[in-house]
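Participant: Pasting the feature list from Swiss-Prot:
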BINDING   19-26, 81-85, 136-139  GTP binding site
BINDING   T26  Mg(2+) binding site
DOMAIN    10-206  domain 'tr-type G'
REGION    19-26  region 'G1'
REGION    60-64  region 'G2'
REGION    81-84  region 'G3'
REGION    136-139  region 'G4'
Amino acid sequence: MAKSKFERTKPHINVGTIGHVDHGKTTLTAAITMVLAKKFGGEAKSYAQIDSAPEEKARGITINTSHVEYETEKRHYAHVDCPGHADYVKNMITGAAQMDGAILVVSAADGPMPQTREHILLARQVGVPYIIVYMNKADMVDDAELLELVEMEVRELLSKYNFPGDDTPIVIGSALKALEGDQSDIGEPSIYKLAAALDSYIPEPQRAVDGAFLMPVEDVFSISGRGTVVTGRVERGVIKVGEDIEIVGLKPTTKTVCTGVEMFRKLLDQGQAGDNVGVLLRGTKREEVERGQVLAKPGTITPHTKFTAEIYVLSKEEGGRHTPFFQGYRPQFYFRTTDVTGAIELPAGTEMVMPGDNVSVTVNLIAPIAMEEGLRFAIREGGRTVGAGVVAKIIE
């Protein structure tokens, strides 16, 4: 079959492999790129190429991640694979690689293991919306009943963490056999089956521009005779001249109207997701708006002070704290563009948190922040990043 030119016209989806160490995440990643490149074009990557993951920084945290891409019949996928467990934890908490869905790799020979559980929990906490399972190493299991047993265990585990275990696609195969070009059910055909499951089970994500307008406030100026201009990068949605806007966070929510949008000193009739713009606000005084607030479509986001979060605490080697912290620890939480002090409540039975740990906590901020589940933040002490987190559930 002739390789067609690599086209960007297909919808773009972000995925990644998760699962226990040595269950075959990287081998599967290599197999997917190789098998799909043969059929749909794109670049095959070897195990060694994927395994030598380069370092990258996200929110002041160094993470090793490999990025590959591949085509299926319907879509173009960007796929992340991490070499170590700590890299997965950091990746998922910082949102460095935002996933529209995850491929959970479980060894059919071993069944679910501690990190299988931890990655499913993390996926739930950080808002990975869909999981598909690849039961790997099926060539090492002769007993069909054992395969069924492992499949049942995986489904139960997914259901336990509020994923639809009974409806989750589970593909049985051997990534190694697929890499070797094996044509039996567990070889190459299992990769096509996985690709078809990705295409049908993970819905196309909403594009940023289709969301409700949101723009974090970076700077505020007053222009004599024109009013107050707020600058920032539009995170999602579109803002048009004449539309109502709410100013949310830090202070009581106020309403105003957008009377102008400018970009590179030119006036526009609208600004959209990704644009760095200045938004002119009617009748708003300069001191009524500050960095750390957001401009938003009315009624779409609310300010909160108390929430549960999944956090990762940097190790000493990563430039983090050298000592553990305890109940009532009060660092700054950096949301979007500003720091807000808050107190951390540890879960029952947890005395302290060591550098390098990840933990579920409850946070009480001293001032409200425009917040929704899945919002990322950094934890800082005097401007130095000591951790990262993601809002799991809003309390008040």
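Please read every residue number as a count from 1 along the shown chain.
Glycine is no exception: its Cβ is also placed from the backbone N, Cα and C atoms.
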Participant: Any residues 6+ beyond the ends of the region 'G2' (60-64) with a Cβ under 8 Å from its own?
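Facilitator: Same-chain residues near the region 'G2' (60-64) but 6 or more away: 53-54, 82-84, 87, 90-91, 94, 96, 312, 314, 318-319, 378, 385, 388.
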Participant: If we count other C-beta atoms within 10 Å, could you say which of the binding-site residues K25, H85 has the fewest?
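Facilitator: Counting other Cβ atoms within 10 Å of each of the binding-site residues K25, H85 gives the minimum at H85.
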Participant: Per DSSP, what is the residue tally for the region 'G4' (136-139) in helix, strand and coil?
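Facilitator: Per-class counts: 2 helix, 1 strand, 1 coil.
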Participant: Could you tell me how many residues in the region 'G3' (81-84) are helical, how many are strand and how many are coil under DSSP?
Facilitator: 0 helix, 1 strand, 3 coil
Participant: What three-state class does DSSP give G19 (GTP binding site)?
Facilitator: strand
Participant: Between H85 (GTP binding site) and T26 (Mg(2+) binding site), what C-alpha distance do you get in Å?
Facilitator: 13
Participant: Rounded to an integer, what is the Cα-Cα distance in Å between C82 (GTP binding site) and T26 (Mg(2+) binding site)?
Facilitator: 8
Participant: How big is the Cα-to-Cα gap, in Å, between T26 (Mg(2+) binding site) and A138 (GTP binding site)?
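Facilitator: With distance taken Cα to Cα, A138 (GTP binding site) is 16 Å from T26 (Mg(2+) binding site).
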